[in-house]
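TrEMBL annotations:
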type     : residues                                       : note
DOMAIN   : 51-389                                         : domain 'UDP-N-acetylglucosamine 2-epimerase'
BINDING  : Arg491, Thr503, Asp531, Glu580, His583, Glu602 : N-acyl-D-mannosamine binding site
ACT_SITE : Asp531                                         : active site
BINDING  : His583, Cys593, Cys595, Cys600                 : Zn(2+) binding site
Amino acid sequence: ELYFKNLSKQKKQVMEKNGNNRKLRVCVATCNRADYSKLAPIMFGIKTEPEFFELDVVVLGSHLIDDYGNTYRMIEQDDFDINTRLHTIVRGEDEAAMVESVGLALVKLPDVLNRLKPDIMIVHGDRFDALALATSAALMNIRILHIEGGEVSGTIDDSIRHAITKLAHYHVCCTRSAEQHLISMCEDHDRILLAGCPSYDKLLSAKNKDYMSIIRMWLGDDVKSKDYIVALQHPVTTDIKHSIKMFELTLDALISFNKRTLILFPNIDAGSKEMVRVMRKKGIEHHPNFRAVKHVPFDQFIQLVAHAGCMIGNSSCGVREVGAFGTPVINLGTRQIGRETGENVLHVRDADTKDKILQALQLQFGKQYPCSKIYGDGNAVPRILKFLKSIDLQEPLQKKFCFPPVKDNISQDIDHILETLSALAVDLGGTNLRVAIVSMKGEIVKKYTQFNPKTYEERINLILQMCVEAATEAVKLNCRILGVGISTGGRVNPREGIVLHSTKLIQEWNSVDLRTPLSDTLHLPVWVDNDGNCAALAERKFGQGKGLENFVTLITGTGIGGGIIHQHELIHGSSFCAAELGHLVVSLDGPDCSCGSHGCIEAYASGMALQREAKKLHDEDLLLVEGMSVPKDETVGALHLIQAAKLGNVKAQSILRTAGTALGLGVVNILHTMNPSLVILSGVLASHYIHIVKDVIRQQALPSVQDVDVVASDLVDPALLGAASMVLDYTTRRIY
């Protein structure tokens, strides 16, 4: 009250500044049926005071589309003159169409605003059309009054709403929390009005009307008060696929619940076309229990929700306006997850089954809750009109932000400010032991390499020595080491940091606790995992698996290993033996494998297997071809076999083709088992196998997985990068 007394004192001064005969020219732009229900009370209020205001009405968006009810007609029925109609919607109901609609509105609005020359534009809410309005007005130096800023819902609407807030010069909010959010967003407190929701001015006086005739008109003569449901569900633009599935489950639950239901078509957001398709697929428009409509006039809609047994969906109307009547509401999904709600709202945030929604209907239907006035007390419009009258058009147009005071910076050393967050990565291979300093971006700052000793004592001492040396060097390189990640062959318990069983390539390496000695020596956290898993982690953070939910990595080196990422997380298995992909059996009578079995992928396609075949050919003088030689002191290996194949050695080519086919059959088995979206071949042999593997997939895989892409990794040191990623992901709050 004190606030408005001060306003009335200021009003005379403002009128003198603006000129006693100068009316405030207000442009109200409405985009859809929902925002008109909030703007109409303000428009009626402005119309009742012609001595102070001149009203221009601009209509755009879904108001002008037949599929959405041509709702501009209700504006005409309310006896408002529409100054301008703008067709701004690009049909398509997908993300691109929304963007194109904003662009089309931005193209058309300048001419309208130049012609109308409003003093102030009133913009409501958080729709993409409203963003175009606010952007146009702000760039054309027109003051903006934003209705319902500062609220939180839970989808892209939040981002749009807050973007409009930053463009707006004045703010009308509905709740105390919204007011505090606006202040937290550095908006000027003197330009924020806590008025309540304008629609509540109509809602709180609406229940005395003849509602039964309205119920019968929309739902049939045999329907009673409190014995029907109102359903209104919109797509969630940030997760369209899930929201369509949720809508399908909602319809299934409503069909099973077997109550008369008034269901409104969704709004024009991306995904609405698919939702309408779901309705028609289930025959909702012809189902005896359903009345499907594109639009209900707001006055009648108020009566319908006020006397419903329940409202269900994800519309803001359910969590805001319906609380005024105490009607039970079931709020589905995350679209309104941040809204303030009364006790009449039951949230089903994870609406992933029909039974869950059905149970919510059984809990809520027919209840009566106390009326809630969280969003208004019925006096918003008088407050808003007073607020409009207080606007001084002589004030500078440039808005000011009220930033909180910033504490003076405490003096810091420049080296500390510029130091690079890094990890120590250790790779224990069959031949070499490598330690590297790896930055947050995956850059190897410095790398140390030694031969891997044959005994446990020598090996553990060398690891400690190299890590201490690297940690000391990191200080000189201005790298801050966050922890140590270790990649090693064999079966690893990553929870305890213990190597359970090693490969035959690394001797005396069973039941080895790596975490304790390193942590005690370096005073840093330590993570340990299998080298195949580390390769997959490297791809997830730095490589071609970045951003993918499901993919598989296969390492083709001395042995064959792998890692599986499922739903963004690494799969270890119940006994830490998942992704031993090298030991998938592809032939019942194949060559012996180092694991004790035979016919494994590793027995065909590993570096050891190729070396075995190369030695056989060399012993039989069938390896070397013209232009090729092997020095006497050099051991024949896989690279010699590859070289011979490239130079035309038919037998070497046959061996490589067999190895690639074995690997390809393994990949086919992986596709049929895991159905990943990508397979990444890593290691030195990957480029030699990839084309053969793709051929095998085309010949052997089911048609449904033949389109899965197989690519060669572009990471140079996947084991080191994967070891580093364990440290960097965890210490930057990513769960591993």
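These residue numbers are counts, starting from 1, taken along the chain as shown.
Glycine is treated like the rest: Cβ placed from N, Cα and C.
Positions of TrEMBL features highlighted on the structure.
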residue	record	Cβ neighbours (10 Å)
Arg491	N-acyl-D-mannosamine binding site	18
Thr503	N-acyl-D-mannosamine binding site	21
Asp531	N-acyl-D-mannosamine binding site	27
Glu580	N-acyl-D-mannosamine binding site	17
His583	N-acyl-D-mannosamine binding site	20
Cys593	Zn(2+) binding site	22
Cys595	Zn(2+) binding site	15
Cys600	Zn(2+) binding site	28
Glu602	N-acyl-D-mannosamine binding site	28
Spatial neighbour of Arg491 (N-acyl-D-mannosamine binding site) that is closest, considering only the binding-site residues Cys593, Cys595, Cys600 and their CA atoms: Cys595
For N-acyl-D-mannosamine: widest Cα to Cα gap among Arg491, Thr503, Asp531, Glu580, His583, Glu602 in Å: 16
Of the binding-site residues listed as Cys593, Cys595, Cys600, the one whose CA lies nearest the CA of His583 (N-acyl-D-mannosamine binding site): Cys600
Asp531 (N-acyl-D-mannosamine binding site) to Cys595 (Zn(2+) binding site) - Cα separation in whole Å: 17
Shell of the Zn(2+) site beyond His583, Cys593, Cys595, Cys600, same chain only (C-beta within 8 angstroms of their C-beta centre): Gly582, Val585, Ser594, Gly596, Ser597, His598, Ile601, Glu602, Ala603
Between Thr503 (N-acyl-D-mannosamine binding site) and Cys595 (Zn(2+) binding site), the C-alpha gap once rounded to whole angstrom: 8
Arithmetic mean of per-residue pLDDT over the domain 'UDP-N-acetylglucosamine 2-epimerase' (51-389): 92
Nearest-integer angstrom distance between the alpha carbons (Cα) of Glu602 (N-acyl-D-mannosamine binding site) and Cys595 (Zn(2+) binding site): 9
Distance [Cα-Cα, Å, rounded] between Cys600 (Zn(2+) binding site) and Glu580 (N-acyl-D-mannosamine binding site): 11
Separation of alpha carbons, Cys593 (Zn(2+) binding site) and Glu580 (N-acyl-D-mannosamine binding site) (Å): 13
Cβ within 8 Å of the mean position of the Cβ atoms of Arg491, Thr503, Asp531, Glu580, His583, Glu602: remaining residues of the chain near N-acyl-D-mannosamine: Gly489, Gly490, Asn530, Gly532, Gly559, Ile560, Gly561, Gly582, Cys595
